[in-house]
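Asks: One structure coming up, written as structure tokens, with questions to follow.
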Amino acid sequence: MQGKFDKIANITLVMKTLDNNLPFNLQIENQLFSSGYELVAGGDEAGRGPVAGPVVAAIVVIKPGIYIPEVDDSKKLSSKKREKLFEEIINLVTDWSVAVVGPDLIDRLNIYQATKFAFKAALDSLSIKPEALILDALKLTGFSGKQVSMVKADEISFAVACASILAKVIRDKIMEQYDKDFPGYGFKKNKGYLTREHREALELLGPSPIHRKSFEPIKSFYGQLKLFEKV
């Protein structure tokens, strides 16, 4: 229980020191800038929950003075708005990187470890290395700089919100291509999430090559298949 109270206390401390003259979602970055960190990164992912397709991690690096007022958590924006902001973000930020981890590695590692793997790959791909990194309720091993881990960071950090938009737009494009490669599952619409129509397609067609075998109901499908093969 003490750990939970410590986290609440830390978040409360951050909130108390916010500058009302700054945009709310730039407060954390500005605290880091004020502490001497000149290159601050935010990371976010898309695709942890779906039963099909990859998990995509994005990292965005910013310097003081970089800001786009319209940027928000990607889930709060329309597809059209995300795509518009995508172009603005990649043209304005100091550096950015995206890593894609497919279903096979997700099944091998588990989704949590696969997500961390994607973040590490994105971090390693950056041309400009950040001095501080903000993530949503996650910490990475091997990063020597300052790390800030906060729940719902995509709602209160500009850099993380930028990363959430990049990850979401790129993953959506991947799923739209998969909709053409594997028709019948509705990937363009459901993006791999288990909607009623998606479940019905699974019952009719069986899993596709991009379905995650470690996720239900696909896991049970392959379990039943093994039992059938033994009979």
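Counting starts with 1 at the first residue shown.
Every residue, even glycine, has its Cβ placed from backbone N, Cα and C.
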Asks: Could you look at ASP136, ASP172, ASP179, ASP181 and say which one Swiss-Prot places alongside ASP44, GLU45 in the divalent metal cation site?
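Replies: Swiss-Prot lists ASP44, GLU45 binding divalent metal cation, and from ASP136, ASP172, ASP179, ASP181 it also lists ASP136.
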Asks: Least buried of the binding-site residues ASP44, GLU45, ASP136, going by other Cβ atoms within 10 Å?
Replies: ASP136
Asks: Taking the mean position of the Cβ atoms of ASP44, GLU45, ASP136 as the divalent metal cation site, which residues outside that list, in the same chain, have a Cβ no more than 8 Å away, listed in sequence order?
Replies: GLY43, ALA46, ALA57, ALA58, LEU135, LEU138, ALA153, ASP154, VAL160, ALA163, SER164, ALA167
